[in-house]
Amino acid sequence: MTQSVCILGVTGSIGQSTLKVLAQHPDKYSIYAITAHSRIQELVEICKQFKPKRVVVPDEHIDQLRQLLLQAGLADIDILSGTTGLVSVAQDEAVDVVMAAIVGAAGLLPTLAAVKAGKRVLLANKEALVMSGNIMMQAARDHQALLLPVDSEHNAIFQSLPSNYLTLENTGQPQLGVSRILLTASGGPFLDYPLEQLSEVTPQQACKHPNWSMGQKISVDSATLMNKGLELIEACHLFSISEHFVTVVVHPQSIIHSMVQYIDGSTLAQMGNPDMCTPIAHALAWPDRLQTHVPALDLFTHTHLDFREPDTNKFPALNLARQAMRAGGLSPCILNAANEIAVDAFLKLQIKFTVIPEVIEHVLNHVQNDTAVNIEQVLETDMIARQIAHQYVNQIRG
């Protein structure tokens, strides 16, 4: 019997990698629902190949999609729209596994819906967990959902931890002999750029990641090291550990995906070629394994591995994320909202690269932090933070 899969964000890089893995195992998995924000023609081609039962797009693309599916002889596919549609497919009784791969805050509600429906949730949308934090984790416990990390770093940590670590209560302290998590970072495309040159870098340069193929937003986050900051927050929630016990290590080759240190002096590392199909396959099949097209790591071609401390003077976003996690409450939500607006402004050439952390710091200082009680409060704070960020960006533009 095959497992039924819903892919939230099927046309993005994670969605595409998920399709590659699923296509190798039609005897184990079938695709029940897929969603996309744009790239409608690409979505139709996916429908032709995988024959999903349900598809979700924004309201403005419904007519176009319906016409294209009709022409393709796929008129029986159920078309839904908007956030309501996303939530509907994420919690659908027919779905066993949800790949949460929508980028940014837009993925929060459908991801939370999947968790509350007790699904096996493959978490690629780090922003959803950064925003909701304990609300998401408590929902997973209450509804017995299996929340498995897909980010290569968190998947590596998961593989390097004792097998029952995700079921532990959150004490903030390392448990089961763990002493510290080492979260690796490639350092991004500007790792060796002088500080004085960063103000002139372009979106095109920022989106050229040295090791990974990713979308624009996460590529810019990687360039500012905010991606590592968001991952630090995600790691604290997933693995029930205070930020004090998470060390970021710059590792330019992206061969070691993260490490866990133990009290006996051991350090366990997960290594592999930088290909997202590996963590996706691991999360899909855990505690089993799936074969993928990814070649095994050839250690003889990697003559050395480099490690260094992050330069937080050149990349202040990492410390902003750490401070937000330390502050707790809604601070990570505020950080994420400000970052999304700042990155979008940079991609639209409205602000310089070095202004991104400036926008984030301004918003953190001007939006009231509080304890996150419910998801409505999270969404309201997200909206306010975005408004403040927009205002500051417009002020800078003059």
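Glycine is no exception: its Cβ is also placed from the backbone N, Cα and C atoms.
As given in Swiss-Prot:
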type    : residues                                             : note
BINDING : T11, G12, S13, I14, N125, E127, G215                 : NADPH binding site
BINDING : K126, S152, E153, S186, H209, S222, N227, K228, E231 : 1-deoxy-D-xylulose 5-phosphate binding site
BINDING : D151, E153, E231                                     : Mn(2+) binding site
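Annotated features taken from Swiss-Prot, shown on the structure.
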residue : record                                      : Cβ within 10 Å
T11     : NADPH binding site                          : 21
G12     : NADPH binding site                          : 22
S13     : NADPH binding site                          : 18
N125    : NADPH binding site                          : 28
K126    : 1-deoxy-D-xylulose 5-phosphate binding site : 28
E127    : NADPH binding site                          : 28
D151    : Mn(2+) binding site                         : 27
H209    : 1-deoxy-D-xylulose 5-phosphate binding site : 19
G215    : NADPH binding site                          : 15
E231    : 1-deoxy-D-xylulose 5-phosphate binding site : 28
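Of all the Cβ atoms in the protein chains shown, 27 others lie within 10 Å of the Cβ of N227 (1-deoxy-D-xylulose 5-phosphate binding site). In the structure as shown, the Cβ atom of E153 (1-deoxy-D-xylulose 5-phosphate binding site) sits within 10 Å of 28 other Cβ atoms. Same-chain residues with CB within 8 A of the center of the D151, E153, E231 CB atoms, the Mn(2+) site residues themselves not counted, are K126, P149, S152, H154, N155, I157, L183, N227, K228, E234, A235, S258. With a 10 A radius on its CB, I14 (NADPH binding site) counts 27 other CB atoms from all the protein chains. Each residue contributes its Cα atom, and for N227 (1-deoxy-D-xylulose 5-phosphate binding site) and E127 (NADPH binding site) these two points are 10 Å apart. A gap of 10 Å separates the Cα atoms of G215 (NADPH binding site) and H209 (1-deoxy-D-xylulose 5-phosphate binding site).
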